[in-house]
Amino acid sequence: MEQCEPKKYDPTFKGPIYNRGCTDIVCCILFIICILGYVAVGILAWSQGDPRKVIYPTDSRGQFCGQAGTPLETKPLLFYFNIMKCASPMVLLEFQCPTTQMCVEKCPDKFMTLLKAYANKEDFKYYKNFCKEGLEGLTVTQILSSGLCPAMLTPSKPFTRRCFPALGQKKGGEITVGNNSKFDDGEGNIRDAKDLVAGVKNATVVIEARQVAMKIFEDYTQSWYWILIGLVIAMLISLLFIVLLRFLAGIMVWVMIVMVILVIGYGIFHCSMEYVSLKSEAGSNVTLKDLGFQTDFSVYLHIRQTWLAFIIILAIVEVVIILLLIFLRNRILIAIALIKEASRAIGYVMSALFYPLFTFALLSIVIAYWAVTAVFLSTSNQPIYKVFNETACDHSRKICEPANFSTSSMKAECPDSKCLFAFYGGETVYHKYLIGLQFYNVFLFFWCANFVTALGQMTLAGAFASYYWALVKPDDMPAFPIFSSLGRSLRYHTGSLAFGSLILSIIQIIRVLLEYIDHKLQGTQNKCTKFLLCCLKCCFWCLEKFIKFINRNAYIMVAIYGKNFCTSAKDAFFLLMRNMIRVAVLDKVTDFLLFLGKLLIVGLVGIFAFFFFSGRVKAFENTAPNLHYYWVPILTVVVGSYLIAHGFFSVYAMCVDTLFLCFLEDLERNDGSAERPYLMSDRLLKVLNKKNKPEPAE
């Protein structure tokens, strides 16, 4: 094939091309149109949505409790007339508890029944705070039958802006409410406090979680500056590790290889000892074929043939590794030299280490826009009211209108029914296509996020390619490689970035749909469907990994040559296929070194944080802050250290990949003559046993 042939020498090529044109213009225009549509969806969602539906609890009339500028501004809490009618806190949070709900200023703090409060003027005045209007001239029976007041009040505490009974527990395990184990339900019955648990059985767990959250917040206020110091230390160690890779990469790689060989050798020795020790044990000479399949896998460990199989497998692996070392030693040396060269390149382009901050800022904007739009879209429905009834009723859970419900046929057929707010929905054209707008929001989120990531990869590739192809470093490099590369990428290759990220986004959205279908089919017993779905998920996972690999290398070629995405992807793919073994060796060696670096940084900073915050070291006893949970800052420092190390090493990995492609191009374009000298470093020339010929004397 023509594509598989090495590229011919081009005397005009001097590294990243500066006189280039726009690529993939159609995809660029499509991306801009989609972005404008995304903005339009956001404006539509912001005009129709109402986040107050998430922030504020809603009473039975669909009004927001505590909303500023309304009569309910001073009533931020939601009170339930009869909490025992609620099956679980989830029902409460979904606003579908079959009891009247109203906004109140404070939760009740005492036991009281309507019957007793009605006989006392002061008590009834207090009781009215938890009743609807229109009580004048009505008897207790009329008030209760009209549903204007609850039959009883119990001491309650606010949680998530809702009043829950103040449940407690005595030493013997007896449930109490307001320090009493029994209460009057307002209907002449004395009931146990445990009867309230059915309505709030999980609320106490959540309350405890809230208390833990408050303690965690206090720990952060006490230790935030020490956490920052730990993250700064992680950043400095990351920088130091990248610098040291220039000198220690070779040692670390060979130590890794020796350790793998020794571990496998120890495994062979251990299996041999087990094989010999089972010689005298009865029944150990049974073959695996005679034993058959056993659910208890420990049975196989008592068979000599099992350990013999382990010995053979490990011996084969050992021989394969040794043979690979013998035949691939030169390629391993090339990988080590490229890794060292990457450290030198970063030394010339130090600003690249801080470019992930720019990517992080852009991703934060994309995520924030998606999240806000999703919230507004999900809260742009209209209030829906349904019939709630305690007894059997044909109209139960049907949609109703609260304005005329008292005179409707539903009320006539079900006298004790109520028309209460249930949830938010709608039947308009906008509401019918709301799921489509949510899907568009998710798809554009993937597209924009992948575009930002692709922009970072192409920008870094252009900067590091300018380093490799510079004949005299840094004189032949741009003054500001990162800014120069970023400008070229946005000016000429927005379409190529959009094209590559679009392909990846389509695959990712298909994976999301497959996960959604899998979630919906979890209750089914169709094994064929499950198997097919599992295969599809596996295939698209592999496809996503492959597309990410192709995109990454395509962006490098776009940054160097300025060609369109498809041509660059094709050139990168065939260039890598012509050097498959080098690609595999370099990829695994780099992965190991970066993994080792992350492990080292997270381990060092994590150990330091543990001994500091736990007070295990006497020197830090008076310096360390007093905390409720010392693991909070430790975990924060560990996670933050990993993210910092990942940010630095992602730049390093991009540098290695870029230099590797440039190295392969250099080998195919040049031959070391005075007219076509190699531009690789002297170290790489030495590893390859190549050298540049001096110019002939005049």
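Backbone N, Cα and C atoms are what each Cβ position is placed from, and that goes for glycine too.
Listed features, source TrEMBL:
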TRANSMEM  21-46  transmembrane segment
TRANSMEM  224-244  transmembrane segment
TRANSMEM  251-269  transmembrane segment
TRANSMEM  307-328  transmembrane segment
TRANSMEM  348-372  transmembrane segment
TRANSMEM  444-471  transmembrane segment
TRANSMEM  492-514  transmembrane segment
TRANSMEM  592-615  transmembrane segment
TRANSMEM  627-649  transmembrane segment
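When each of 251-269, 307-328, 348-372, 444-471, 492-514 is checked for Cβ pairs under 8 Å to the transmembrane segment (592-615), 251-269 comes out on top. The largest share of C-beta pairs under 8 angstroms with the transmembrane segment (492-514) comes from 21-46, of the ranges 21-46, 251-269, 307-328, 348-372, 627-649. The stretch with the most CB contacts under 8 Å to the transmembrane segment (348-372), chosen from 21-46, 307-328, 627-649, is 627-649.
Tertiary neighbourhood of the transmembrane segment (21-46): same-chain residues 369, 372-373, 376-377, 380, 430, 437, 440-441, 444, 447-448, 451, 491-496, 498-499, 502, 558, 562-565, selected by CB-CB distance under 8 Å and a gap of 6+ residues from either end.
Nonlocal intrachain contacts for the transmembrane segment (444-471), taken as residues 6+ away from its ends with a CB within less than 8 angstroms of a stretch CB, comprise 14-16, 31, 34-35, 37-38, 41, 342, 345, 348-349, 352, 355-356, 358-359, 362-363, 366-367, 370, 477-478, 481-482, 484-486, 488-490, 493, 497-498, 500-502, 504-505, 508-509, 551-552, 555-556, 558-560, 651, 654-655, 657-659, 662-663, 666, 679-680.
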